[in-house]
Every structure is written in C-alpha cells, then in structure tokens.
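Visitor: Before I ask anything, let me first share the structure, which is written out below as structure tokens.
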Amino acid sequence: MNPKHWGRAVWTIIFIVLSQAGLDGNIEACKRKLYTIVSTLPCPACRRHATIAIEDNNVMSSDDLNYIYYFFIRLFNNLASDPKYAIDVSKVKPL
C-alpha cells in the first residue's frame, strides 16, 4: 500500500505517542507502542526499513526519550518525499 495514503497519519500518531511519553514519563510503554506501530505498517518495505533502522540505532534499548524522539525526526526527514516537509531540527525543543 502506498505511503502517500497513510503516511502522514502514521507519523502524526508516532509523534503523539512520543509527546505523551514526554508528559507521563513512561518510556517503556512509548517504545512498545512505537514498535507496534512500526511493525504493523501496511507497506512491507516501509515496515522492514523502519524496523531495521530501529534495531541499527538501538532505539528499543534506549532510556533517553529525546534520543528516541530525535531518531524518529531524523527517520521522518530521511523519508520525506519533499524537502519542504522536513522538520527543522534546530527549531525542535527536547521533550
């Protein structure tokens, strides 16, 4: 399934989950939710790419919410179809 049909919605959910963890401090629940989201993406190639990126960057073993947050920002920016959609990291405040 083409990410242009569901991509923005999924990215919104990912960043909502991260923001919620910033409020409640439950990083383990956040990581479980994020892994569930990524491992059930409707595009097999997207699912594989995101899962490999998470594993290669030790996201699931990190206890630093901002490391996880900025990882997903970088992943988003790497996958943005148009540079105008990229997130300017210099304007992002830590959680």
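Glycine residues also receive a Cβ, built from the backbone N, Cα and C atoms like all the rest.
According to Swiss-Prot, the record shows the following:
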TOPO_DOM  1-8  topological domain 'Intravirion'
DOMAIN    1-95  domain 'ERV/ALR sulfhydryl oxidase'
TRANSMEM  9-25  transmembrane segment
TOPO_DOM  26-95  topological domain 'Virion surface'
DISULFID  Cys43-Cys46  disulfide bond
Visitor: Can you count the other CB atoms that lie within 10 A of the CB of Cys46 (disulfide bond)?
Guide: 18
Visitor: What are the DSSP helix, strand and coil residue counts for the topological domain 'Intravirion' (1-8)?
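Guide: Per DSSP, the residues of the topological domain 'Intravirion' (1-8) fall into 6 helix, 0 strand, 2 coil.
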Visitor: Restricting to the topological domain 'Virion surface' (26-95), report the mean pLDDT as a whole number.
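Guide: Across the residues of the topological domain 'Virion surface' (26-95) the model's pLDDT averages 96 on the 0 to 100 scale.
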Visitor: For the topological domain 'Intravirion' (1-8), could you work out the same-chain residues 6 or more beyond its ends whose Cβ comes under 8 Å from its Cβ atoms?
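Guide: For the topological domain 'Intravirion' (1-8), the sequence-distant neighbours (Cβ-Cβ under 8 Å, at least 6 residues beyond its ends) are 42-43, 46, 81.
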Visitor: Return one of helix, strand or coil for Cys46 (disulfide bond), based on DSSP.
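Guide: Once the DSSP labels are grouped into three classes, Cys46 (disulfide bond) ends up as helix.
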Visitor: Using Cβ-Cβ distances, find the residues under 8 Å from Cys43 (disulfide bond) that belong to the same chain and are at least 6 apart in sequence, listing them in sequence order.
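Guide: Within the chain, Cys43 (disulfide bond) has Cβ neighbours under 8 Å at Met1, Asn2, Pro3.
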Visitor: For the topological domain 'Virion surface' (26-95), what does DSSP give as the number of helix, strand and coil residues?
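Guide: Output for the topological domain 'Virion surface' (26-95) reads 50 helix, 0 strand, 20 coil.
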